[in-house]
Each structure stands twice: as structure tokens, then as C-alpha cells.
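Peer 1: Quick one: the structure is below, and I'll ask about it shortly.
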Amino acid sequence: MQTLNTLDLQTTSLKIVNGQLWILDQQALPQRQEWLLADTVASLIEHIQALRVRGAPLIGLSASLLLALLAERGLSQALLEQALIALRESRPTAVNLMNNLARMQQALLQPNWVTAMAAEALRLVDEDRELCERIAQHGAALVKPGSNLLTHCNTGGLATAGIGTAIGVLLRAHQQGNLRQVWVDETRPLLQGGRLTAWELGELGIPYQLICDSMAASLMAHGQVDAIWVGADRIAANGDVANKIGTYSLAVLAHYHRIPFYVAAPHTTHDPDCPDGAAIPIEQRAASEVTGVSGGFGHCQWAPKDTAVYNPAFDVTPAALISGWVLDSGVITPEQVAAGFFQPHR
């Protein structure tokens with residue numbers, strides 16, 4: 001079997017070269033495309049927490065690949081177990097990380113654990129690519145000709161191993177000739193929409209216009225939004241969804257304006273052990289992300305020094321506000337969710 005140390009693997013934002021894991025620095029985009037080495041647990045955790053590598057699926061994949069590489073380098077099972085624990089705690093909200101690490105932990109328990117971990121990590125990458133494609137196919141079928149769609153945060157190849165979740169839907173709809181344009185929320189405070197989604201859509205040739213988050217309501221009121229598409233960091237057993245802060249606001253606005261609100265995510269984002277949105281841990285981030293802005297363009301501080309800040313990275317959208325959960329298995333309706341689709345017994 002080919003080992004990771006001899007394999008050249010690359011996605012939009014991850015690559016393995018000469019047995020080393022590299023990540024595309026998503027804090028530097030779109031001004032600079034820089035690849036950073038992530039060859040230790042400490043360095044990867046730092047990159048994850050600094051959002052240089054981000055997106056629920058991609059975080060899980062980067063952790064899995066690094067563990068497999070460390071196993072091939074001779075790290076003991078005991079140290080790999082410690083690495084699993086440390087990586088699991090690096091970001092609390094995205095459940096894909098926990099799900100991927102659970103599979104890597106099972107591989108670690110196998111008699112041939114080194115080869116088992118390499119095989120499992122590669123399997124996770126291949127699966128994610130396939131899951132993205134299925135989500136895109138199911139979602140694109142919901143897009144009517146001439147649609148103006150609105151999206152939030154970043155859900156494309158930068159956040160996955162494939163074409164993305166919500167952005168994958170937009171791509172396939174565009175290729176099928178049904179997409180007029182995309183409204184891109186800038187996504188405060190870290191501007192993932194303005195920096196990353198705008199860059200990705202431009203690279204894909206998809207027409208878009210960038211808006212401030214607060215402009216979405218006006219667009220909806222004037223009939224300029226036909227549907228909203230977002231991703232997810234965790235789906236609870238009752239269908240509640242945790243996603244980038246600002247998602248809940250869009251869902252409330254969509255409900256008021258009677259606009260479809262779709263969540264596109266792989267089944268690996270579902271957490272059957274989490275009963276509802278109230279049980280989802282919400283990461284709190286640094287005040288500096290709100291009092292100023294940083295990135296490939298440098299840093300600008302605009303708020304007074306020592307300003308008190310509340311900065312949750314995610315919010316929870318209640319299932320009652322969601323028109324459909326577009327998974328790799330198909331489009332799940334509110335009626336199916338109410339009947340217990342996401343409950344543990346399923």
C-alpha cells in the first residue's frame with residue numbers, strides 16, 4: 001500500500017508534499033496565496049485556532065492527515081492518543097473534527113494501526129469529495145432558472161476537500177444555467193465572505209456582488225433574493241443548526257419575507273448525541289476581531305482601546321426556520337425532521 005509519506009495529495013487548501021502537511025493560509029487570502037507547514041500537532045492547532053485553516057470538514061481532514069503522517073513517522077500509540085485529545089479540543093463547535101477523530105481513533109486501535117490510519121485518512125478525503133458532489137447535485141435541483149441566491153461565510157473548496165457544500169450547490173446551478181448571480185455577505189467580523197467566498201466565486205467564474213451583512217434585509221424586501229444557502233458546523237438531533245455568526249439573522253429575515261432558507265452539509269456534520277441547539281458549545285473568540293480587522297492587508301484598529309466585546313463565532317438557527325437540509329443523501333424536509341430524521345435511532 002502507498003504511504004502518505006510517498007504520496008503527493010492536494011486539495012484547494014491542503015496538500016501533502018514529501019511526507020509533510022501544508023495548509024493554505026486563509027487569513028492571507030485574497031491578497032496573498034501562502035502555504036504554511038503544519039507538521040506538528042502544536043502547529044496545526046495554532047493554524048486552526050488562528051483560522052488559517054478553517055471550515056468544519058477541512059479542520060477534520062487536516063487533523064486526520066496529520067495524525068496519519070505522525071504515525072508513519074513512528075510516533076507511539078500513546079502519543080498519538082494524546083494528539084487526538086489535543087486536536088479534539090482545538091475548536092469546540094464543528095462536529096466534523098470530532099467525527100473524523102473518532103474514526104482515526106478506531107484505526108489507531110487496529111493491530112496494523114500505522115497503515116490503518118493512513119488508509120482511514122485517505123478514505124476521509126475521498127469521502128468528503130464525494131459527499132460534496134452529492135450535496136451539490138441534490139441542491140442544484142432546487143435552484144430555479146434565473147435565481148439570485150444569497151450565501152453567508154465560506155463553504156467552498158477552501159472549507160472542504162471537494163467543491164464545497166453551499167458553494168458546490170451554487171457552482172452546479174451556475175453550470176446548469178440557472179444562476180443569475182450570488183449575493184455574498186461580507187460575514188463580519190472576520191470577513192470570510194468578502195475575503196474567501198468572493199475570491200472563490202471569482203476563480204470559478206460565478207457572477208456575484210458583495211454586500212455588507214446589514215444589507216441583506218433590504219435586498220429581500222425588494223425581491224432581490226430568491227433563496228438563501230448556507231453551510232453548517234453542527235446539526236443537532238432536532239434539526240437545529242450551528243453555523244457562522246449571522247446565519248440566524250438571515251434565517252429570521254428569510255422567514256419573514258417567505259424566502260427559502262437551505263442548509264447544505266454532509267451527514268458527518270450531524271451530531272445525534274446533541275439533543276438541540278442549546279446543547280451546542282459556541283466558541284467565543286478574541287475581542288480584537290471586532291475592534292479592528294486583520295488579514296493579508298494588514299491590521300486596522302477602529303474601536304477605542306479596551307472596548308468591551310462579545311464575540312461568539314457561531315449562532316444557532318432553530319429547525320423551525322429551515323426550509324430544507326440538503327445532505328449527501330438527499331433533501332430532508334421539515335416534516336421528516338419533525339418525525340425524527342436526525343434523532344439517534346436513525
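The backbone N, Cα and C atoms fix where each Cβ goes, glycine too.
As annotated in Swiss-Prot:
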ACT_SITE  Asp233  active site, proton donor
BINDING   Arg54, Gly55, Ala56, Arg91, Gln192, Asn243, Lys244  substrate binding site
SITE      Cys153  site 'Transition state stabilizer'
Peer 1: Hey, of the binding-site residues listed (Arg54, Arg91), which one tops the CB count within 10 A?
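Peer 2: The most densely surrounded of these binding-site residues is Arg54.
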Peer 1: I'm trying to understand the geometry here, so how far is the Cα atom of Lys244 (substrate binding site) from the Cα atom of Asp233 (active site, proton donor), in Å to the nearest whole number?
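Peer 2: Distance (Cα to Cα, whole Å): 8 Å.
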Peer 1: How many Å separate the Cα atoms of the residue listed as 'active site, proton donor' and Asn243 (substrate binding site)?
Peer 2: 5
Peer 1: How far is it from Arg54 (substrate binding site) to Cys153 (site 'Transition state stabilizer'), counting Cα to Cα, in Å?
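Peer 2: That separation, Cα to Cα, works out to 11 Å.
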Peer 1: Name the residues of the same chain, 6+ apart in sequence, whose Cβ is under 8 Å from the Cβ of Asn243 (substrate binding site)?
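Peer 2: Residues satisfying the criterion: His152, Cys153, Val230, Gly231, Ala232, Asp233, Val263, Phe314, Asp315, Thr317.
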Peer 1: Under 8 Å Cβ-Cβ from Gly55 (substrate binding site), six or more apart in the same chain: what's there?
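Peer 2: Listed in sequence order, they are Asn154, Thr155, Leu158, Ala159, Thr160.
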Peer 1: Report, as a single number, how many Cβ atoms besides its own are within 10 Å of the Cβ of Ala56 (substrate binding site).
Peer 2: 29
Peer 1: Take the Cβ of Asp233 (active site, proton donor) and count every other Cβ within 10 Å, whichever protein chain it belongs to.
Peer 2: 29
Peer 1: Relative to the mean position of the Cβ atoms of Arg54, Gly55, Ala56, Arg91, Gln192, Asn243, Lys244, the recorded substrate site, which additional same-chain residues have Cβ within 8 Å?
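Peer 2: Output for this site, in sequence order: Ile59, Ala94, Cys153, Asn154, Ala159, Gly231, Asp233, Ala313, Phe314.
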Peer 1: Would you work out the biggest C-alpha to C-alpha distance among Arg54, Gly55, Ala56, Arg91, Gln192, Asn243, Lys244, the residues that bind substrate according to the record, and give it in angstrom as a whole number?
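Peer 2: The span, Cα to Cα at its widest, is 17 Å.
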Peer 1: Using Cβ-Cβ distances, find the residues under 8 Å from Gln192 (substrate binding site) that belong to the same chain and are at least 6 apart in sequence, listing them in sequence order.
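Peer 2: Expected: Arg54, Cys153, Asn154, Lys244.
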